[in-house]
Each structure stands twice: as C-alpha cells, then as structure tokens.
Amino acid sequence: MGTMVNKTRINSTQGFDAFSSLGVSQFQEAIGIFFMVMLSVIALVANTAVMVVILKTPLLRKFIFVCHLCLVDLLSAIFVMPLGIISSSTCFNRVLYSIAECQTLIFLNVCFISASIFTISVISIERYYYIVHPMRYEVKMTTGLAVTVVAFIWVKSILVAALALVGWPQVDGASSASKCTVYWSPGAHKKIFVIIFSTLCFILPTLIIFAVYGSIYKVARIASLQHAPVPSWTATPRPRSDSIHSQVTIITTRNAPPRPSPERLFGGNKAALTLVLIVGQFLCCWLPFFSFHLHCSINSALTIPSYGEIIVTWLAYSSFAINPFFYGLLNRQIREELSKLGRHCLSKPLSQELCISSPEGSIHENFLQFLQRTSCTTETRSTYVNSSPRNTLDQTTMGFRIPGQIPEETN
C-alpha cells in the first residue's frame, strides 16, 4: 500500500513538473511573439511616418536614399516580418508551404535584407562626399545619379536573392513554416550562396562604413582642435577702444597660445559617440545574423537549436524598426516636419503649412551641422547655424571651410 502511494506521489510530481515546464515555455514564447509584433508595428509606423514627411515636404525630397531605406524597411515589415512570426512560433507548426511559396519567402527575405544594407552603405558614402568633398558632391549628386544608384541597389539585391534559389530540388511537396528559412534551405550550393551573401551584404558594407565614418570622424576631430575662420560679413562689429589697457589685452591675446574651451574638448567625443552609435547599431543587428549562417554553412554537420536562428533573425529584423530613427528621426528638419504633420492632422489641412520649411533644407544638414557644432566656438557657431549647402560651398571656395575638408579645385 505504501509503495502505491509513493508511486502516485512520484507520478503527480513528475506531471506537475512537466506542466510547469510547459507553462514556462509557453510564457516565454508569448513574450517572444509580443516583441516580434511590437517590432513589426514600430517598423510599420516609423518608416511610414518618415516616408510621408519626406514626400510631402518639397525641401526634404532630396533625402532620396533615406526615403528609399524607409521604403525597403516598410516592405520588409509588411511581407517579411509577419511571415517571420509564423516561422518562429510553434503555434503555426501545422502551417505548410509549398516549394514555390517557400522559395518566394526566402527570396523576399534575402532581397529586402540586401536592399536595406546596400542603401545604408550608399547613405554612408553620400555623407562622406557631402562632408569631406562638398564641391564634388554638389556637382555630381544629381537626380539622375540618385535614380541610377537606387536601380543598381535593386538589381544587385535581386541577383543575390536569386542565388539563394539555385540548386533547389524540382519536386512537388510541402514544407513546414519553420523550415522555410535560409538555414533550412535545401539548395545544393547553399554554402557558396551564404559565403557570397555574407561577403556582399555584410563584410564589404562593414568595411565601407568603417572607412567612411572613420574619415568623417577625422574631419570632426580636426575641426574640434582648430578654430574655423569666421567670414567678415557675418561677424558682429564691436566698438574699438584706444585705451592702453585694451591694446595690451589685444596684444596679449594674439600672442598667447589658443586654449580649447571645455565645449571644444568634448566636441570630438560627441561626434565620436554619434558615429559609434551608427556603426554599433549596424554591427549589433547584422553581425550575429551573418556569423550564425556562415558558421552553420561551413560546419554543416553541426546541429543548432531552433531558437538560435530565431534570435539572430529577429535581431537582424530589428534593424527595420531602428533605421527610421537613426537615419530619419534624428534629423532635426524631419522631426520638425513630423511634428507639423501631427499638429495639422489634428487641426488644419496638411497642405497649408507642411510645405513651409526652413530655406536652408539640405540632404544631411543636421548631420553636417552637428559635426560643425562640435568643432566651433560660440562665436564661430553663429556663422553656421543658418548655413545652407550652397552657402557652405561658397564659403569653401572663398577659403572658409570646415577644418579637415579636402580642398578641391573648380573649373
């Protein structure tokens, strides 16, 4: 009798433990799905908002690459992320895809990831030329060139995505939703594809981003250690005193070595922090994703838990929700126009004031002005607050340029 009671207790304890572990796993999965849904909603709302502001405001339409990045991320939030939720949840284990549907899902996944990363690389190169080679940027950056670059991004992305489908078995069948990923791809040349995919979409863009933002940081650093010249037409005239004390003060000030102010000392750190955030965000989102797939493709016999792919995939997908903040909403003019959009959606018609923007609107004015603010004293800063790309270039040709910019000859 006692033995039966002990067996009953053991069985009930084991059943309770199994039920508890099942409840914990379901709770963890529910939290994961909640975060996936939140990322998808944020990506939808943020990218749509930035796109609407840029397209509705004429003076912001030069942000063509930022707008294109938001378009790619918005398409990813519409097509890729919801299907990713289905693939990542055990609730949809019974969902089956045909071979054609699975190929389409992987094709869209690779295509949008490639287009997003290529656009980020283009934005980095554009910023480099805007800051370091302003004259060359002003001459060569035309609408035709921008359209050509966007078309090249899509052609390259489609070709990379097509490589993912090479070697698929030509048979009819069905596959579970959780198996329609790059990791489970049955392509015969998957290892070659993953190496090409990682090289074109991560290694090369990472090198470009490091080189570009390293050069931009050098400009900001040099500017923070030097006094930029103040154009005479912007300097406020001061009454001159002929007293002996004033003349002695002027002579002493001219002969004394310049002492950097605390604002100038910390300016380079501010620029470095901004650049580190931009580069760090890119690496945090995409380094685990490509490292995972490279490691799994090279070590094909290695068995990886399913949640490992889910974690790195959604860490990469988070880039679609973060990009509109780092490349759009950090811009002062886009934030101002977005606030106008919000106010006028609640009060007045949008067309009355949304097109009214500061005349100094530019491609990356805020990014450039931030670097200038980190490099200028209070007196010098006043000369740049109302600067435009054309005024900046005119000052460059007259000898007034950001310290560290590369001087260029004009024909």
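Every residue gets a Cβ built from N, Cα and C, even glycine.
As annotated by TrEMBL, domain 'G-protein coupled receptors family 1 profile' applies to 46-327.
The transmembrane segment feature in TrEMBL is assigned to 30-54 (among others). Counting residues 6+ beyond its ends, the transmembrane segment (30-54) has Cβ neighbours under 8 Å at 60-61, 63, 66-67, 70-71, 73-74, 76-78, 81-82, 84-85, 88-89, 91, 310, 314, 317-318, 320-321, 323-325, 328-329, 334, 337-338, 341 in the same chain.
Annotated transmembrane segment per TrEMBL: 63-86 (among others), in sequence order. Sequence-distant neighbours of the transmembrane segment (63-86) (same chain, 6+ residues past either end, Cβ-Cβ under 8 Å): 33, 36-37, 39-40, 43-44, 47-48, 50-51, 54-55, 92, 95, 105, 108-109, 112-113, 115-116, 119-120, 122-123, 126, 143, 146, 149-150, 153, 177, 180, 313-314, 317, 319-321, 323-324, 327-328, 331, 334, 363.
According to TrEMBL, the feature transmembrane segment maps to 106-125 (among others). Within its own chain, the transmembrane segment (106-125) has Cβ neighbours under 8 Å at 65-66, 68-69, 72-73, 75-76, 79-80, 84, 149, 153-154, 156-158, 160-162, 164-165, 180-182, 185, 197, 200-202, 204-205, 208-209, 212-213, 282, 286, 316, 319-320, 323, 327, counting only residues six or more beyond its boundaries.
Under the heading transmembrane segment, TrEMBL lists 145-168 (among others).
Annotation source TrEMBL lists transmembrane segment at 192-213 (among others).
Proximity of distant same-chain residues to the transmembrane segment (271-290), defined by a Cβ-Cβ separation under 8 Å and at least 6 residues beyond the stretch ends, is recorded for 117, 120, 197-198, 201-202, 205-206, 209-210, 213, 216-217, 220-221, 224, 311-313, 315-316, 318-319, 322, 326, 370-371, 374-375. The transmembrane segment feature in TrEMBL is assigned to 271-290 (among others).
Under the heading transmembrane segment, TrEMBL lists 310-330 (among others).
Counting only same-chain residues 6+ beyond the ends of the transmembrane segment (192-213), those with a CB under 8 A from a CB of the stretch are 110, 113-114, 117-118, 120-121, 124-125, 127-128, 156, 160, 163-164, 166, 182, 185, 275, 278-279, 282-283, 286-287, 290, 293-294, 296-297. Within its own chain, the transmembrane segment (310-330) is flanked in space by residues 32, 35-36, 39-40, 42-43, 46-47, 49-50, 54, 63, 66, 69-70, 73, 76-77, 80-81, 84, 88, 113, 116, 120, 123, 181, 277-278, 281-282, 284-286, 288-289, 291-292, 338, 366, which lie at least six positions past its ends and keep a Cβ under 8 Å from the stretch.
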